[in-house]
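Encoded as structure tokens, the structure appears first; notes follow it.
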Amino acid sequence: SVLQPCQPINETISVEKDGCPKCLVFQTSICSGHCITKDPSYKSPLSTVYQRVCTYRDVRYETVRLPDCRPGVDPHVTFPVALSCDCNLCTMDTSDCAIQSLRPDFCMSQRAP
């Protein structure tokens with residue numbers, strides 16, 4: 001099969017937060033695809049290997065409102081929408097850099113209808 005390049009794709013994701021009993025599932029644009037990486041056969045303790053991952057380059061932010069949140073809980077959740085993507089180092093502050101993670105549409109709580 002042909003490896004897809006790093007690019008924005010449409011994906012179903014979920015958002016949820018403490019104090020809101022329901023998870024909201026919807027379509028948005030995320031970065032996905034393959035980046036060329038190198039893994040040297042000789043690893044020196046003095047060398048550092050950097051793996052590049054498919055990550056956001058340009059984004060816009062959108063906000064959704066979660067239903068049935070408790071009084072005093074802000075029902076709004078803001079998330080990035082991928083406009084363009086790039087193969088770059090993974091930034092833990094903004095990206096899921098785990099080797100294995102949950103599906104983007106996984107909900108811990110009940111899904112909102």
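In case you wondered, yes, glycine gets a Cβ from its N, Cα and C as well.
Note that the coordinates shown come from a computational prediction; the quantities given were computed from them, not determined experimentally.
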For the disulfide involving CYS35, grab the partner from CYS87, CYS90, CYS97 as Swiss-Prot records it.
CYS87
CYS31, CYS69, CYS107: which one closes the disulfide with CYS85 in Swiss-Prot?
CYS31
Return the single candidate from CYS6, CYS97 listed in Swiss-Prot as disulfide-linked to CYS54.
CYS6
Which of these, CYS23, CYS69, shares a disulfide with CYS20 in Swiss-Prot?
CYS69
Candidates are CYS97, CYS107. Which one does Swiss-Prot pair with CYS23 through a disulfide bond?
CYS107
Quick note, CYS90 (disulfide bond) and CYS31 (disulfide bond): C-alpha atoms separated, nearest Å, by 12
Residue with minimal Cβ packing [other Cβ atoms within 10 Å] among the disulfide-bonded residues CYS6, CYS20, CYS35, CYS54:
CYS35
Out of CYS6, CYS69, CYS87, which of these disulfide-bonded residues is nearest CYS107 (disulfide bond) by C-alpha distance?
CYS69
Might you list, by sequence position, any residue in that chain lying six or more from ASN10 (N-linked glycosylation site) with a Cβ less than 8 Å away from its Cβ?
GLN27, THR28, SER29
For CYS85 (disulfide bond), the spatially nearest of the disulfide-bonded residues CYS6, CYS23, CYS35, using Cα atoms, is CYS6
